[in-house]
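Undergrad: Mind looking over this structure? Questions follow.
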Amino acid sequence: MTETVLPTRAEKRKFAIDMRALSPFIALIVLIIAGALINPDFLTASNLLNVVTRSAFIAIIAVGATFVIAGGGLDLSVGSMAALIAGVMILTLNNLGGGDVGTLAIGLLAAIALGAACGLANGLIVTFGRIEPFIVTLGTMGIFRSLVIWLAAGGTITMRNFELRELYRPVYFGSIFGIPYPIIAFLVVAAIGALILYRTSFGRHVVALGSNEDVARYSGVPIWRVRTLTYIIQGICVGIAVLVYVPRLGSATPTTGLLWELQAITAVVIGGTALKGGIGRVWGTVVGAVILELVANIMVLSNFVSEFLVGAVQGAIIIIAMLVQRSVHRGR
Amino acid sequence: MESVLRAENISKSFGPIEVLSGISLDLKAGEVHAVIGENGAGKSTLMRILSGHLPPTKGALHLNGQPITFSGPVDAEAHGIVLVHQEILLAPDLTVAQNLFLGREIRRFGFVDDKAMRERTRSILRELGTNIDPDREVSRLSIADRQLVQIARALLVPHKVVAFDEPTAVLTPIEAESLFEIIRKLRAQGVAVLYISHRLNEVKAVADRVTVLRDGRHIATRDIEGLEPLEMARLMVGRDMSKLYPEKPETASDQIVLTVRDMAVPGYVENASFTLRRGEILGFGGLIGAGRTELFEGIVGLRPGHGTVTLDDRNVHFRDAREAMAAGIVYLSEDRKGKGLLLQQNLRINLSLAALDKFGRGSFIDTGAEEKALDQAIKDFDIRTRSRDLLAGQLSGGNQQKLLLAKMMLLEPRIVIIDEPTRGVDIGTKEQIYRFIASLAAEGKAVVVISSEMQELIGLCHRVVVMRNGRVAGEIAQADLSEDAIVYLATGVHEERAAEIAAGHA
């Protein structure tokens, strides 16, 4: 075979792959320029920090979703799971009754543990039940959602202890060196996520599983364990997102976390992760989540489109992102 | 004989790279014209140009003496040129008849006319010498039958030229023989048949003329008369190929490393027993579907199976491939693309996947060590790649097999099971793989080679176990190895009779 030369073709392909990784960052820059042109208030530090802070929950959830999707799975239950975790966490805090750090810590741990448990449930049903993840998480989405409605008796679950609320409030509203805690939380989660996905054997196994399950199995990858773990990671990420989210409003309602799954999956796809698995981009996901919030922000700051149509625009973005992915894929 | 399709000085470049240069080919009515060459010699590209899938960069095609350009494969088909693809391109959940007429359904009053399609399907399949049920779902057919359906689909349109791309890659010799009958029938009808293969014995058996390509260039076009396979190989590779098989290493010992007794894999294998000795190459022959692959997948835990597996006097039961690997047994799947390699990932990720634990630095992967291992593998296994950043799917079949070998050898196994080691591999690479297998045995490893190529079993193995219908039909010692002995055990009948029987019920 004429294997000796052909350098140009390889370079071309490399360039195409880079395009896939770069495109979310390019989109981000374009959006920032557009925002700056539309409204001078856009490019202020306070507005941008606000945007990133607001994107934190989705970003954290989406980091988890990156694992699930890169591994060839899907989790539709994250929004309902967030609502359930928020509800259970607040009820736990209310029942403990204290206003001290210890109480708060127990509540936070309970949230993370419940997230991990929900993820474990999803993972076990998908692996041992051998059911499509779409169906499994569609089912648990309904279960989690109605559990929180039931716990709240159709109303709102609110943190009752005033001291605890004051103690907890800074987790969303506070900052260190001018950087809000939620941003720090999401950067830390993303950094850990990137480390796990790119540098550990587990991360490599996730990508292998998403690329081709049979090859993974024939290569001795413990596929059940790896797949279940991706869902557990997703659950833990939802738990962490809830920790940051609850102090914002101090309550959970039946509509908490509504359509978060759409936003999380959108963020992942915008970020360049392949929806069919095999390619995972943690930093792309983070940028994707920020892009979603930026679009909403620009819509609010401009008067072109009603802000009530944010959901429609985000829905359109996921479709466009898929089209872009496909054309990049074809181009090589 | 008059010329039907003539290619004149065809060249094809992708960007600055010329993969075909100045190829001329003259295809006559009523002849079988074989195009042979190693992987990457340009056979498939030439085929795709002739069948309208690709336009040539330079040169011209003539159909019945008139210059012609095809706008695409549909256009070529409309001119009577059809291609039977190498891969099975059928919808598995549709029936045979539905597949045959997919995209060209017979309609009646706007609705599909199933009855007419079923009848037509039955008659076409009968012409091909088979009685596959038109209502059967394709997923329930054997690979050989799927191939026949694919051929039937190609022959559905009026055809002057039929091109076969490696049609026997998935067929056993007996199934291949009935395919040759079909080809001869086509020839008798005055159809020009283009036959691409690198199985030279088949070419000898079926072709009238042979064109040899090497590195995108035309090397020779000869009549088959007086052209022996060895000479074809020499033309293809450009060097003497008389020693395809290495000396069998004299390391086969009496020391049994693996004993399998009464192994059963539900639905595939019953009561299979055999022993494997240190330093030997044990062949597994039989027809496709005889249960060879399933037997070994059952042993290494890739399928549910039960039986007594004894490894060094210790009974073992593997629940998955990981456990088998830990015990020093690796299985290299026949399905390289589907089960062996991650085609969408690069060479480094593929190489280290099975032995990732060896590349750990704490809980993290040591990429530097992986790169070094890749360098070593490229050198040791002579993996020819134009760039280290290539995806596994961009390698040729032979290089994929070498990469798969390198990947599994990183586990430092004691028992190596290789399923169809040279399927889709060109002859030059075959020789390298055979030498490698022999060297494994020489190092004292026990090697199992599952193969449908009888020459390979005879040339490579110390002993051959033959399976038939999910059972072990018998074992042949080195001194008694012959094609006839294998065919007899594989089919239960002697070779001359076997072809007739195959034609009767294939």
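Cβ coordinates come from backbone N, Cα and C, glycine included.
TrEMBL lists these features:
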- A:21-39: transmembrane segment (TRANSMEM)
- A:51-69: transmembrane segment (TRANSMEM)
- A:76-93: transmembrane segment (TRANSMEM)
- A:105-127: transmembrane segment (TRANSMEM)
- A:134-153: transmembrane segment (TRANSMEM)
- A:173-198: transmembrane segment (TRANSMEM)
- A:228-246: transmembrane segment (TRANSMEM)
- A:258-275: transmembrane segment (TRANSMEM)
- A:282-302: transmembrane segment (TRANSMEM)
- A:308-324: transmembrane segment (TRANSMEM)
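For each feature listed, report its degree of burial, its nearest neighbours and the pertinent distances within the displayed model.
TA: Beyond the transmembrane segment (A:51-69), the same-chain residues lying 6 or more positions past its ends with a Cβ under 8 Å from any Cβ of the stretch are 75, 78, 82, 133, 172, 180, 182-183, 185-186, 189-190, 193, 196-197, 206, 210, 230-231, 233-238, 240-242, 244-245, 260, 263-265, 267-268, 271, 273-275, 277, 280-282, 285-286, 288-290, 292-294, 297.
Remote same-chain residues near the transmembrane segment (A:105-127) are listed as 73, 75, 77, 81, 84-86, 88-90, 92-93, 96, 133, 136-137, 140, 144, 223-224, 227-240, 242-243 (criterion: CB distance under 8 Å, separation of at least six residues from the stretch ends).
Long-range contacts of the transmembrane segment (A:173-198) within its own chain (CB-CB distance under 8 A, at least 6 residues past either end) are made by residues 49, 52-53, 55-57, 59-60, 63-64, 66-67, 70, 206-207, 233, 237, 240, 243-244, 247-248, 280, 282-283, 285-286.
Long-range contacts of the transmembrane segment (A:258-275) within the same chain, counting only residues at least 6 positions beyond its ends with a Cβ under 8 Å from a Cβ of the stretch, are 20-21, 23-24, 27, 57-59, 61-62, 64-66, 69-70, 74-79, 82-83, 141, 210, 281-289, 291-292, 311, 314-315, 317-318, 321-322, 325.
Taking Cβ pairs closer than 8 Å, the transmembrane segment (A:282-302) reaches residues 21, 24-25, 27-28, 31-32, 34-35, 38-39, 41-42, 47, 50-52, 54-55, 58-59, 62-63, 65-66, 186, 190, 193-194, 197-198, 263-264, 266-273, 309-310, 313-314, 317, 321 in its own chain, all 6 or more past its ends.
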